[in-house]
Amino acid sequence: MTNIRKSHPLLKIINHSFIDLPTPSNISSWWNFGSLLGICLILQIATGLFLAMHYTSDTTTAFSSVTHICRDVNYGWLIRYLHANGASMFFICLFIHVGRGMYYGSYMSMETWNMGIILLFAVMATAFMGYVLPWGQMSFWGATVITNLLSAIPYIGTTLVEWIWGGFSVDKATLTRFFAFHFILPFIIVALVMVHLLFLHETGSNNPSGLNSDADKIPFHPYYTIKDILGILLLFLFLISLVLFSPDLLGDPDNYTPANPLNTPPHIKPEWYFLFAYAILRSIPNKLGGVLALILSILVLALLPHLHTSKLQSLMFRPLTQTLYWILVADLLTLTWIGGQPVEYPFVIIGQLASVLYFAIILIFMPMAGMIEDNMLKMD
């Protein structure tokens, strides 16, 4: 008799996706982050659901309701900090996942890659709206500054901003709709993840060598399930340590002050995971130019398959492009640091140089290095 997991219509899908899935035998721990992202998403939806049971999306009570969750709800403080720091874990895994895709040339599977970029935008939008909900000073002013960027769009900008606000400033209507969107988007993300996996399983996983691995495949379970469980345990160890020892390490002290439209904080800045994009935005003096650079800083990833000049897919055997890749990583860390600094000398010029370098490496230097390496290997 056929095993039920191979015959049952529902179990068959799970079987083909997580059990009998043919997987390259040589994928490294960098391939663990996809499953870690799945775990992060489940954790965020679970903790978010419990927070939503006690949260009120009204400007007069939002801040108090978050305080009430931390003080009066059983383990409310734990749920709240798991959710806040879980978002940071989510983005750490996301950045590593995208970075691995760039390093090993996974972007050559274009459908999967483009779906990933859409997912990245969706997660960033969700995280931004989530940051507004506690209605602290940084929540309010962050929402004001970032939504106000849309006013840079010619002709329809101001109307668009007021339409998003639901009035003439960030107020009750804005908070209510942000809560509604923050609640629904993760479920849309789950659907997008399924499409992402559908595209991935059409082509199969890439591997560190960048070569075709059809001749050397092993079943996903038990080899990679056990490997993923180790990754999940390490992720939880890191997350629980952060939540229990220093839950506010990655937050902003200003967000413990209730939102006040009459008092602007000295430095308005988003959460740490948006700082690199914020630094690119600030490095351009023109408002519209800054907004375009901000969007392009993520959208440039969609160009990677078209900018791939080498005959080798992975960077494993390409020392020149490898060097550029790690310079790019250092550059992104520099941008993250600059995004959290005040707008003054020398931070402005460092931010501008780092922004130019970011786009130059991706659009110019990496494609050039690919051609040089091909030439050195005489692969023509």
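Glycine is treated like the rest: Cβ placed from N, Cα and C.
These numbers come from a predicted model, not from an experiment.
Around the Cβ of HIS83 (heme b b562 binding site), the number of neighbouring Cβ atoms within 10 Å comes to 21. Taken from Swiss-Prot, the feature heme b b562 binding site covers HIS83, HIS182, and the record attributes it to similarity to another entry.
According to Swiss-Prot, the heme b b566 binding site annotation covers HIS97, HIS196. Counting Cβ atoms from all protein chains shown, HIS97 (heme b b566 binding site) has 20 others lying within 10 Å of its own Cβ.
Mapped onto three states, the DSSP output places HIS201 (ubiquinone binding site) in helix. Under the heading ubiquinone binding site, Swiss-Prot lists HIS201.
Residues annotated as transmembrane segment in Swiss-Prot, with similarity to another entry given as evidence: 33-53 (among others).
The transmembrane segment annotation in Swiss-Prot covers 77-98 (among others).
Feature annotation from Swiss-Prot assigns transmembrane segment to 113-133 (among others); the stated evidence is similarity to another entry.
What Swiss-Prot lists as transmembrane segment is 178-198 (among others). Here the transmembrane segment (178-198) has Cβ contacts under 8 Å with residues 17, 38, 41, 44-45, 48, 52, 55, 57, 112, 115-116, 118-119, 122-123, 125-126, 129-130, 132-133, 143 of the same chain, all six or more residues outside its ends.
Here Swiss-Prot flags 226-246 (among others) as transmembrane segment, drawing on similarity to another entry.
Residues 98, 102, 105, 107-108, 110, 113-114, 117, 120-121, 124, 149-150, 152-154, 276-278, 280-282, 355, 358-359, 362-363, 366-367, 370 of the same chain, all 6+ positions outside the transmembrane segment (288-308), place their C-beta atoms under 8 angstroms from a C-beta of that stretch. What Swiss-Prot records for 288-308 (among others) is transmembrane segment.
Sequence-remote contacts of a segment are chain residues at least 6 beyond its ends whose Cβ falls under 8 Å from one of its Cβ atoms, and for the transmembrane segment (320-340) they are 99, 102-103, 267, 269-270, 272, 274-280, 282, 310, 347, 350-351, 354-355, 357-358, 361-362, 365-366, 369-370, 372-373. What Swiss-Prot records for 320-340 (among others) is transmembrane segment, and it gives similarity to another entry as the kind of evidence.
Feature annotation from Swiss-Prot assigns transmembrane segment to 347-367 (among others). Sequence-distant contacts of the transmembrane segment (347-367), counting only residues of its own chain at least 6 positions beyond either end whose CB sits under 8 Å from a CB of the stretch, comprise 279-280, 282-284, 293, 296-297, 300, 303-304, 307-309, 321, 324-325, 327-328, 331-332, 334-335, 338-339, 341.
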#### Entry: Cα separation, HIS182 (heme b b562 binding site) to HIS201 (ubiquinone binding site) (Å, whole number)
29
### Query
For HIS182 (heme b b562 binding site) and HIS196 (heme b b566 binding site), what Cα-Cα distance in Å is obtained after rounding to a whole number?
21
### Query
Cβ under 8 Å to the transmembrane segment (77-98), counting only same-chain residues 6 or more beyond its ends: which ones?
30, 33-34, 36-37, 40-41, 43-44, 47-48, 50-51, 66, 69-71, 116, 120, 123, 127, 130, 235, 238-239, 242-243, 247, 250-251, 271-273, 301
### Query
Where among the binding-site residues HIS182, HIS196, HIS201 do you find the Cβ with the fewest other Cβ atoms within 10 Å?
HIS201
